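Step one of this worksheet: look at the structure below.
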Amino acid sequence: MANVVVVGAQWGDEGKGKITDLLSEKAHVVVRYQGGVNAGHTVVVGGQIFKLHLIPSGILYPDKRCIIASGTVIDPEVLLAEIDQLHQLGISTHNLYIAETAHVTLPYHRVIDVAEEERRGIYRLGTTGRGIGPTYADKAERMGIRVVDLMYPDQLRERLSWAIPYKNVLLEKIYNLPPLDPEPIIEQYLAYAERLRPYVTDAALLLTQAIEERQNILFEGAQGTLLDLDYGTYPYVTSSHPIAGGACVGAGIGPTSIDRVIGVAKAYTTRVGEGPFPTELKDEIGAYLGAAGAEFGTTTGRQRRCGWFDGVIGRYAVRINGLDCLAITKLDVLDGLDEIKVCVAYEYQGREIRHFPSDARVFAQCKPIYETLPGWKCSTKDCRSLEDLPPEAYDYLKFLAQLMQVPIAIVSLGASRDQTIIVEDPIHGPKRALLYPNGRKQVHALMPD
């Protein structure tokens, strides 16, 4: 195989869970490298639905080691509930490992997250309210609680006995909320610690050993490129780094250890929460996409905003992540449409721009410039090869590959594993340098000309 990073090429919810699940079959180790319970993956196997927030999708394979790495933030209550749910479904978690250096979400993080969002009023960010941002803020301020702290009761009690009164000052003085009682929280997290103890390890060392043994490692990102703290639609972003470079810091590996980067994008675009969205559809087509695609968040249940495919942010994701290939998901949601539009550029103050603007104020004023392609009336759900696709669907994929200037390796046509077209092996297929030996020579049906 190789060491492969799977990233979202849009605003998250692209279907990374299914793609990671498919690729996990060839991996020895699957790593979740950033984010927390603000992300959710849905995997369907044999008609059984698995909804995961923290545990890597590879857990469904008993012979794969699954690591929750240092770049994540862990809510013990949610993590233990996931473990219990998997056990109830007959899935073992003997192959789960938790980085001792990952930071821990505490009750005051969740309270502050919700209170701060309410305080922002019309300037709210649309957070999940799960305490992710405040947990990462404590990490940056060097006052966070790490998983390793849970392993030492006296140390945990000492740290929380200082941290909770400090947070109570914020709750009372800034948010006008009642203080939290330290003792129940301390006892609760001591109990969590005992249940988590068998899973806790030096994850970075474990990965180093796997790399030295030339094992195949799959790095699974949460959220998407446009939610990256540095390179997303700031301030409407998450508090971590979902981009491919985030795998190095979050997992504790060097950049030379990464062999390939696979981007996942829907055949249209969705976004949850606040922030600019140039191709958003607020008409009956947007409602159709939302209904046909079951566009409700795994974590919050919030309805996702829907729009046409945005090639501008797509090209940006290719550049920022150095994508080698793409997996296009939910192509079947477009079944039945008379025509399909794709954003190829933006209009801003009377001029055309083809790059993603880093200034949110500029981005908010961008209007999409579309190219219109014919739709198709038949279902694609049962297609298992490119030849099975209606010509219009094939041409649509070809157009996206040309627009993004990166090959499409996987096409997903439903939630189940078997509802997939493997166009080219995304792991063992040719690298970017081999795809374009003479400029942009076409070497595959779904590679750009």
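Cβ atoms are placed via backbone N, Cα and C, with glycine included.
Copied over from Swiss-Prot:
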type	residues	note
ACT_SITE	ASP13	active site, proton acceptor
ACT_SITE	HIS41	active site, proton donor
BINDING	12-18, 40-42, ARG304, 330-332, 412-414	GTP binding site
BINDING	ASP13, GLU14, GLY15, LYS16, ASN38, ALA39, GLY40, HIS41, THR128, ARG142, GLN223, THR238, ARG302	IMP binding site
BINDING	ASP13, GLY40	Mg(2+) binding site
BINDING	THR298, THR299, THR300, GLY301, ARG302, GLN303, ARG304	substrate binding site
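Between the binding-site residues ASN38, THR128, GLN223, GLN303, the minimum number of other C-beta atoms within 10 Å of a residue's C-beta occurs at GLN303.
Here the binding residues for IMP are ASP13, GLU14, GLY15, LYS16, ASN38, ALA39, GLY40, HIS41, THR128, ARG142, GLN223, THR238, ARG302. Their largest Cα to Cα distance works out to 34 Å.
Cα distances from GLY15 (GTP binding site) to the recorded positions ASN38, GLY40, HIS41 are smallest for HIS41. Following the DSSP three-state reduction, the secondary structure of LYS18 (GTP binding site) is helix. Between the C-alpha atoms of LYS18 (GTP binding site) and HIS41 (active site, proton donor), the distance comes to 8 Å.
Separating the Cα atoms of ASP13 (active site, proton acceptor) and GLN223 (IMP binding site) is a whole-number distance of 7 Å.
Comparing Cα positions, GLY301 (substrate binding site) lies closest to THR128 out of the binding-site residues GLY12, THR128, LEU331, LEU413.
Cα of GLY12 (GTP binding site) to Cα of ASN38 (IMP binding site): a distance of 11 Å. Nearest Cα neighbour of THR128 (IMP binding site) among the listed recorded positions (HIS41, THR42, ARG304): ARG304.
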